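Quick look at what TrEMBL annotates:
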type	residues	note
DOMAIN	44-486	domain 'Major facilitator superfamily (MFS) profile'
TRANSMEM	41-63	transmembrane segment
TRANSMEM	83-106	transmembrane segment
TRANSMEM	113-133	transmembrane segment
TRANSMEM	139-160	transmembrane segment
TRANSMEM	172-190	transmembrane segment
TRANSMEM	196-217	transmembrane segment
TRANSMEM	343-363	transmembrane segment
TRANSMEM	392-419	transmembrane segment
TRANSMEM	431-452	transmembrane segment
TRANSMEM	464-482	transmembrane segment
Amino acid sequence: MEPSAREPLVRKTSFSYQTFPERAVQRLDKEYLRSLHNKRLYLAVFAAVLGNFSFGFALVYPSPVIPALEAHPSPALRLDQYTASWFGSVFTLGAAAGGLSAMLLNDRLGRKLSIMFSALPSVVGYALMAGAQGIGMLLLGRVLTGYAGGVTSASIPVYISEISHPGVRGMLGACPQIMAVLGSLVLYALGKYLGWRWLAVAGEVPVLAMIVLLCFMPNSPRFLLSQGKDDEALRSLCWLRGRDTDYAREYEQIKDSVRKQNRRVSCAEIKDPFIYKPLLIAVGMRFLQQLSGVTCVLVYLQSIFKKTSVILKPEYDAALVGLVRLFSVAIAAVSMDKAGRKILLFVSAGVMLISNLTMGLYIHFVPASQNGTIANKTLVSFANLPAEPTHYITLIPLLATMFFIMGYAMGWGPITWLLMSEILPLKARGVASGLCVVVSWLTAFTLTRFFLLVVEAFGLEVPFLFFTIICAANVLFTGCCVPETKGRSLEQIEAFFRTGRRSFMR
């Protein structure tokens with residue numbers, strides 16, 4: 001990782017806010033991007049996103065486990081409706097606590113060490129669930145794995161954005177979502193062959209692999225510079241970009257940006273548009289992302305499909321939706337750096353809007369004898385109801401749900417995480433990313449806890465019509481508030497918020 005003595009000296013000129021370079025410099029920028037060796041960068045990203053794999057695995061762990069524990073012979077481990085709901089939802093409270101602590105960990109330990117720290121509660125949480133002798137151990141294990149997920153949710157996107165370059169940052173920024181979806185799919189697959197204790201043991205594998213690999217990965221150059229470790233930052237960038245590239249020029253850009261904001265953000269500085277504008281955008285996107293209903297749909301997916309599936313069993317329908325989600329996130333990954341962030345956000349919100357509206361209108365107008373929701377008043381008893389006669393019109397909510405998940409996975413899923421790490425200023429990035437995660441998971445917990453109450457009181461169509469309104473707000477929010485960051489360096493993005501000049505983003 002030591003830079004070669006023959007490499008060019010680090011240039012003294014600052015390029016941080018040079019947004020109208022001469023043609024020669026523009027040519028050099030393109031040549032520089034083409035000259036980079038990305039293999040080590042990809043390895044570092046893979047090591048980090050194993051934390052997201054574990055997060056996706058832990059998030060849907062209750063899906064196959066709750067039915068098994070509801071029929072468990074031991075009263076100490078048998079779940080009833082009340083304890084089952086807490087077993088499913090308490091994960092989000094742990095994730096909110098993890099996001100809150102990440103506000104401190106990201107700035108004190110750094111992005112990489114914060115991700116590595118998350119392995120401790122994750123390993124302990126899985127061990128508690130694997131050896132659980134009572135419901136208390138199960139719930140504590142869920143809280144700890146949720147806490148680890150909250151830390152990684154706030155740390156991994158920031159780490160990836162800070163070690164990536166503009167040429168691949170969009171693609172790599174979608175990797176956390178891809179790995180989370182992949183982790184969920186692996187859980188569904190293993191759930192058919194392993195018992196609930198062995199599923200918890202299997203959850204330890206990606207966590208241990210992550211911590212071993214991260215021991216050999218560099219820290220973020222931007223974080224190292226903010227800590228005054230200039231030489232280590234230069235070695236880190238050299239390792240990520242390759243010895244025979246002009247990484248010294250990029251180093252100077254980063255260093256100049258860090259020099260301009262080398263202090264932690266203070267309460268007085270929050271009034272600065274440079275701080276509060278990107279913070280409000282990031283928090284607003286996380287809030288609207290959860291209000292669009294994705295967590296509720298995923299949590300109650302099999303229950304809803306119990307009455308809408310025509311050919312396949314609910315668990316197969318859930319896996320099918322998971323595959324669609326994975327495929328859609330992959331599409332977003334390859335198109336983010338070509339089509340741009342905003343166009344994908346518009347398409348994503350539009351697809352979700354149409355899907356939620358279709359679901360709400362279908363439930364409202366189709367007779368209960370055909371849509372099988374028992375007057376749309378309950379979801380809790382789905383698993384115990386007899387199968388209805390086949391009505392092929394029930395394919396409508398199945399397809400609507402699939403398109404909803406597809407729309408979410410193409411834009412408002414991965415891009416929300418990516419933009420959070422791109423637009424937040426370096427001096428506030430650790431605290432602000434943790435705040436975003438807290439807002440996201442508290443919103444998710446509130447929705448999942450009150451979803452069933454709303455369904456019982458007003459009918460199943462009401463939540464979906466509410467989600468439709470939120471998706472319309474997503475379209476407006478994207479058009480009015482979200483900047484296009486495709487192909488822009490983090491320094492250019494910071495310059496845009498610092499000056500308010502849109503020319504910095506051209």
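Cβ coordinates come from backbone N, Cα and C, glycine included.
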Problem set entry | Proximity verdict for the transmembrane segment (464-482) and the transmembrane segment (83-106), three or more C-beta pairs under 8 Å | no
Problem set entry | Remote residues contacting the transmembrane segment (343-363) - C-beta distance under 8 A, at least 6 residues beyond either end | 292-293, 332, 335-336, 371, 373, 376, 396-397, 400-401, 403-404, 406-408, 410-413, 415, 459-462, 464-465, 467-468, 471-472, 474-475, 478-479, 482
Exercise. Taking the transmembrane segment (83-106) as reference, which of 113-133, 139-160, 392-419 has the most Cβ pairs under 8 angstroms?
Worked result: 139-160
Exercise. Under an 8 Å Cβ to Cβ limit, what residues of the same chain, 6 or more beyond the ends of the transmembrane segment (392-419), are close to it?
Worked result: 153, 157, 161, 169-170, 173-174, 176-178, 181, 281-282, 285-286, 288-289, 292-294, 297-298, 301, 304-305, 307-310, 317, 320-321, 324-329, 331-333, 336, 341, 344-352, 354-356, 358-359, 362-363, 366, 370-372, 474, 482, 485
Problem set entry | Dominant neighbour of the transmembrane segment (113-133) in 139-160, 172-190, 196-217, 431-452, by Cβ pairs under 8 Å | 139-160
Problem set entry | Stretch in 139-160, 172-190, 196-217 most in contact with the transmembrane segment (431-452), if contact is a CB pair under 8 A | 139-160
Seminar exercise, completed: Long-range CB partners for the transmembrane segment (172-190) (under 8 A, at least six residues beyond its ends), listed in sequence order, are 41-42, 45-46, 49-50, 52-61, 63-64, 156-157, 160-161, 164, 199, 202, 206, 315, 318-319, 322-323, 325-326, 329-330, 332-333, 336, 409, 413-415, 417-418, 421-422
Exercise. So what pLDDT does the domain 'Major facilitator superfamily (MFS) profile' (44-486) average out to?
Worked result: 80
